[in-house]
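Visitor: Take a look at what Swiss-Prot says about it:
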type: BINDING; residues: Asp12, Val13, His14, His38, Ser39, Asp60, Ile61, Gly62, Phe65, Pro66, Asp67, Thr68, Asp69, Arg146; note: 4-CDP-2-C-methyl-D-erythritol 2-phosphate binding site
type: BINDING; residues: Asp12, His14, His46; note: divalent metal cation binding site
type: SITE; residues: His38; note: site 'Transition state stabilizer'
type: SITE; residues: Thr137; note: site 'Transition state stabilizer'
Amino acid sequence: MNIPFRVGQGFDVHALVEGRPLIIGGVTIAHTHGLLGHSDADVLLHAVTDALLGGAGLGDIGRHFPDTDPAYRGADSRVLLRAAFDKVRAAGWAPVNVDATIHAQAPKIGPHAAAMVANIAADLALDAGAVNIKAKTNEGLGYLGRKEGIAANVVVLLARAG
């Protein structure tokens with residue numbers, strides 16, 4: 001069966017720690033803590049990358065950019081996203097739209113959302129109107145509410161490239 005569309009879903013979470021920059025959606029945000037990870041720990045772009053790869057049936061971010069590989073230590077997640085985008089296009093798929101939710105008690109994401117949208121749209125060759133970013137607090141509940149981490153959920157619609 002030749003289905004013209006696929007949906008990819010991505011999720012990522014990273015702990016907040018002192019001494020690291022906070023980078024979300026390719027935007028460096030002034031904050032007391034940053035996200036812990038092997039790369040730049042961009043929770044949003046990691047979830048977008050997973051959604052793209054998963055929708056195309058290409059596995060996940062860890063398969064293509066393993067955290068055991070020193071080549072990816074401190075890696076810019078926009079570079080990883082663009083590499084994943086190239087793999088998805090080579091497999092015959094193109095993103096149609098991206099819908100993302102960032103879960104963070106702090107900092108406020110709203111002032112940075114437009115820049116995040118612009119970065120993702122540029123990296124995926126989409127119009128900015130095809131990328132949506134929402135932000136939610138956890139109402140003080142759980143590890144997110146205690147400001148111990150930040151998470152992101154992403155859904156991507158892919159169409160057969162033609």
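Glycine is no exception: its Cβ is also placed from the backbone N, Cα and C atoms.
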Visitor: Using Cβ atoms only, which residues of the same chain lie under 8 Å from Asp12 (4-CDP-2-C-methyl-D-erythritol 2-phosphate binding site) while being at least 6 residues apart in sequence?
Guide: Val43, Leu44, His46, Ala47, Asp50, Ile61, Ala151, Ala152
Visitor: Suppose the divalent metal cation site is Asp12, His14, His46. Which further residues of the same chain have a Cβ inside 8 angstroms of that site's Cβ centroid?
Guide: Val13, Leu35, Gly37, Ala41, Asp42, Val43, Leu44, Leu45, Ala47, Ala151, Ala152
Visitor: Including all protein chains displayed, how many Cβ atoms other than that of Phe65 (4-CDP-2-C-methyl-D-erythritol 2-phosphate binding site) lie within 10 Å of its Cβ?
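Guide: Around the Cβ of Phe65 (4-CDP-2-C-methyl-D-erythritol 2-phosphate binding site), 21 other Cβ atoms lie within 10 Å.
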Visitor: When DSSP is mapped onto helix/strand/coil, what comes out for His46 (divalent metal cation binding site)?
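Guide: Going by the DSSP assignment, His46 (divalent metal cation binding site) falls within a helical segment, counted as helix.
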Visitor: Going by C-alpha positions, which of the recorded positions (His14, Phe65, Asp67, Asp69, Thr137) is nearest His38 (site 'Transition state stabilizer')?
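Guide: Closest by Cα: Asp67.
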Visitor: Show which residues of the chain containing Thr137 (site 'Transition state stabilizer'), separated from it by at least 6 in sequence, have their CB under 8 Å from its CB.
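Guide: Same-chain residues close to Thr137 (site 'Transition state stabilizer') (Cβ under 8 Å, separated by 6 or more) are His103, Ala104, Gln105, Leu144, Gly145.
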Visitor: Count, for each of the binding-site residues Asp67, Asp69, the other C-beta atoms lying within 10 angstroms of its own C-beta, and report the residue with the smallest count.
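Guide: Ranked by other Cβ atoms within 10 Å, the binding-site residues Asp67, Asp69 bottom out at Asp69.
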Visitor: Of all the recorded positions given, His38, His46, which residue's CB has the most CB neighbours within 10 A?
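Guide: That would be His46, with the highest Cβ count within 10 Å.
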Visitor: List every residue in the same chain as His14 (4-CDP-2-C-methyl-D-erythritol 2-phosphate binding site), at least 6 positions away in sequence, whose Cβ is under 8 Å from its Cβ.
Guide: Leu35, Leu36, Gly37, Ala41, Val43, Gly149, Ile150
Visitor: So for Ile61 (4-CDP-2-C-methyl-D-erythritol 2-phosphate binding site), how many other CB atoms are inside 10 Å of its CB?
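Guide: Ile61 (4-CDP-2-C-methyl-D-erythritol 2-phosphate binding site) is surrounded by 26 other Cβ atoms within 10 Å.
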Visitor: Quick one: what's DSSP say for Ile61 (4-CDP-2-C-methyl-D-erythritol 2-phosphate binding site), helix, strand or coil?
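Guide: DSSP call for Ile61 (4-CDP-2-C-methyl-D-erythritol 2-phosphate binding site): helix.
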Visitor: For Ser39 (4-CDP-2-C-methyl-D-erythritol 2-phosphate binding site), what residues in its own chain, 6 or more apart in sequence, show a Cβ-Cβ distance under 8 Å?
Guide: His46, Phe65, Asp67, Tyr72, Arg73, Gly74, Ala75, Asp76, Ser77, Leu80
